[in-house]
Amino acid sequence: MLLYLVNFQSMWANYVLELLKDAFAFKIKAKELDIPLAAYNPFRKQFSAQLLLDYVVERYKDGLVFAIIDEDIYDSNYNFVFGLAYPFRGAIVSTYRLKNFERIKKEVLHEMGHVFGLGHCNNYCVMRFSNSVFEVDEKPDKYCENCYREILNNGFYVNPKYVIFKENYN
């Protein structure tokens, strides 16, 4: 896996690198990448998540990619997004609105779930859709058993410590 740090000088970078290694046992190469100016929308004062992710996946064709950025990002259907993913290809997460380790962890795990082929989940699960930081705070930092099984069935690995097993439900 290639981790892109998009114009990113921050404590979050090492945290995300270690999280990806621990959660998914990836061998990771980290590179810094400049933000493409074409991805900036001056009317919205935000970057297009889709254009950024397209830019990142075009530069690395040999495996999965993950990008982290500390800029506000949006997708065409939303005022903002925390991240965006392409199944079986790559993802981007913005720390701009998340601002703390727990939220960033949840959104990294969430977007990687999409990379592994998952959709949104209605269970008590990190794959639950979040439209606000409050909703991010309310969801767990783990996959439910159903999502875990689907990830494994799609040929990927998740460290079981990032899974809520039924016997541990409250």
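A Cβ is built for glycine as well, from the same backbone N, Cα and C atoms used for every other residue.
Packing around E111 (active site, proton acceptor) is summarised by its Cβ count: 25 other Cβ atoms lie within 10 angstroms of its Cβ, all protein chains included. Feature annotation from Swiss-Prot assigns active site, proton acceptor to E111; the stated evidence is sequence analysis.
The Zn(2+) 1 binding site annotation in Swiss-Prot covers H110, H114, H120, and the record cites sequence analysis as its basis. Close to H120 (Zn(2+) 1 binding site) in the fold, though at least 6 residues off in sequence, lie M127, R128, F129, each with a CB less than 8 Å from its CB.
As annotated by Swiss-Prot, Zn(2+) 2 binding site applies to C121, C125, C144, C147, with the evidence given as sequence analysis. DSSP assigns C144 (Zn(2+) 2 binding site) to a strand segment in the three-state reduction.
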Check C125 (Zn(2+) 2 binding site) against DSSP and tell me helix, strand or coil, would you?
coil
I need the CA-to-CA distance for E111 (active site, proton acceptor) versus C121 (Zn(2+) 2 binding site), whole Å please.
13
